[in-house]
Amino acid sequence: MLRRGQGHGGQGRCAQGMGRTRTQERQGRCAHGPPAPATGTLRARNARARAGGQPGCLWGRTVARQRRERTEMGLVSRGAAEVGRGAASAVDRPGPPDAVPNPTPTPPAEGADPGSSRPGMVLKAFFPTCCASADSGLLVGRWVPEQSSAVVLAVVHFPFIPIQVKELLAQVQQASQVGVTVLGTWCHRRQEPEESLGHFLEGLGAIFSHKPWFQLCRERGSKSWSCKATHWQGPASPAASGEDQVMLIFYDQRKVLLSQLHPPTALPDRQAGDTTASAGGLAAVFDTVARSEALFQSDRFDEGPVQLSHWQSEGMEASILVELAKWAAGPVCLFLACLLSLISAASACRVFKLWPLSFIWSKLSTCEQLRHRLEQLTLIFSTRTAESPTQLMRKANMLVSVLLDVALGLMLLSWLHRKDLIGQLADALIPVADRVAEELQHLLQWLMGAPAGLKMNRALDQVLGRFFLYHIHLWISYIHLMSPFIERILWHVGLSACLGLTVALSILSDIIALLTFHIYCFYVYGARLYCLKIHGLSSLWRLFRGKKWNVLRQRVDSCSYDLDQLFIGTLLFTILVFLLPTTALYYLVFTLLRLLVVAVQGLIHLLVDLINSLPLYSLGLRLCRPYRLAAGVKFRVLEHETGRPLRLLMQINPLPYSRVVHTYRLPTCGCHPKHSWGSLCRKLFFGELIYPWRQRGNKQD
């Protein structure tokens, strides 16, 4: 009959009787586990065995046999003896006489509990500053094993019933999808006796099992803190429990909850993996606090079974006006969404997609701005909930941008009607148009002579001059024909400012385009004529070199020309070269006038894009509440003493203004061209048209 016995750190196998040899004992030791403890432990075990009533003769024979074996082998026994009922057995392990136990912790055996034997670690405990003065209780939060961090969210006060605490945590986990659990105990030694409270807190580790188990304590009448993390194994094996070093980090729970952590910008001397790893721990802390909002819905005035301390435990922040606005926002948004959908359906009618209307609507800045404003209002009053904080911030930026735009438009409208500026502008418009037409006539007469002493081709010069003078005459007649209706037109344009300052500016840009339409015609005529001559000269120049442009392959190929082709090419090349200065001069003058008009329209469009794209709500948050937009955190040392845990204070670094604008900038209507200086100079040199709107595709002008 065989039986297993457990010693200090190993297992021994007992056999009945004394007939086993040392070879059999060594085989049994190798088959059944690690060695038993040293001789001192053996004597203590034997003494306890005698006190328990086990047979003394077996104990005596065992001790005598052990001494005889040590004398014969010359080794120090490292076995363990265990006395059973009517049987005794001992296992010896030879070793050096002065062997010292290794202080380095060894990893546990396979299948053993990982908390029974483990090396010391440095753990991070994030503790809210609002709970520093809370009464003693339990620490509730989330354990992040990847970062070896514990995020404390609240403190459960005494008295409480453990099953009710577990039910509350289960409800919070189901609502927030965050693994909220009991992390340890919190002891604020103000009124409770130290010894009774310590004994009571030690027993809570068996009810709420968590590894590691944090024990955070604030000393009575001082600012000293003590914090330790133990791996509780229960009262059966207290020697197997270990402690880890803890770094205590305080954080403002309200600021962390309301803030949004932005991903850091990768520096040139830092790898992307390091940046991601450093931001992972902070993201876990911010995400845990943000998703655990269901835990902060109760305060100390609630008559619930569990009392908590957190940032809203003194009372929830609320406002009657805010609650009324939330209650009325649903029906108002639903009504406006239906109205905007009807307007969108009416604007998408086939009648408005016919060629003249579709072409005009695509070229007018007012139509593009109204379409862009309709898209913004549709997104703002949408009944769908924002899926992420970024979308919520985008809707808030759009709402503030629209409100500011309308407010500026109403201010402009009141300023125009208060001083009767619309009538004064209508009276001054006709004289200004006549003055501009007169100056253009003087300019054309100067070009028809000898401008700057240049010798021009007289026939071509007279034809171009008279052609442009006739257009100016037509334009002046058109302006005088529209003069009775100008004041009424300007009055309706002023009323459009109630839709926003951007709509009024877009209408102003379209009015400038209509008033300078004759300059645009002059520019188009001169640019087309100049572009025709430039392309003709380039083709004839390739003819002299024996080259031609292959239209199918889009490249220059070699080609042989006969004598007649070369003669005709020479004549045409000579004519185009001598007519080029006259055409280039007219093209240069009207291009400068056109660029002046385009520059004025560009400034207006730039102001419109600035109002449409500027994230005003985000900039206001950055100015008034910098912690709402977090770029990272910084730590300030509060206490660093020997024998005390390192205490740090986590502070939020606000996002720079440049990154705020870059991150939350709103999209614009995007109907205006964005030329680089190189492409603009190339277009001007080759006579390609410069439009104030964006062309579709890659079609050449």
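For all residues, glycine too, the Cβ spot is worked out from N, Cα and C.
Nobody curates TrEMBL annotations by hand; they come from automatic prediction.
The region 'Disordered' annotation in TrEMBL covers 1-41 (among others).
According to TrEMBL, the feature region 'Disordered' maps to 69-117 (among others).
If you look up TrEMBL, you'll see 94-108 marked as compositional bias 'Pro residues'.
Within the chain, the transmembrane segment (327-352) has long-range Cβ neighbours (under 8 A, six or more residues past its boundaries) at 358, 361, 371, 374, 377-378, 381-383. The feature transmembrane segment is assigned by TrEMBL to 327-352 (among others).
Per TrEMBL, the feature transmembrane segment maps to 398-416 (among others).
Cβ atoms under 8 Å from those of the transmembrane segment (463-481) belong to residues 430, 433-434, 437, 440-441, 444-445, 447-448, 517-518, 521-522, 525, 582-583, 586 of the same chain, restricted to positions at least 6 beyond its ends. Annotation source TrEMBL lists transmembrane segment at 463-481 (among others).
Per TrEMBL, the feature transmembrane segment maps to 493-516 (among others).
The feature transmembrane segment is assigned by TrEMBL to 565-589 (among others).
The transmembrane segment annotation in TrEMBL covers 595-619 (among others).
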Annotated stretches the transmembrane segment (398-416) and the transmembrane segment (565-589) touching (3 or more Cβ pairs under 8 Å)
no
Remote residues contacting the transmembrane segment (595-619) - C-beta distance under 8 A, at least 6 residues beyond either end
365, 369, 372, 393, 396-397, 399-401, 404-405, 408, 501-502, 505-506, 508-509, 512-513, 516, 519-520, 629, 657, 660-661, 663-669, 672, 690, 692
So which residues does the transmembrane segment (493-516) touch in its own chain, when a touch means Cβ under 8 Å and the partner is 6 or more beyond its ends?
364-366, 368-370, 373, 402, 405-406, 408-410, 412-413, 416-417, 422, 433, 597, 600-601, 604-605, 607-608, 611-612, 692
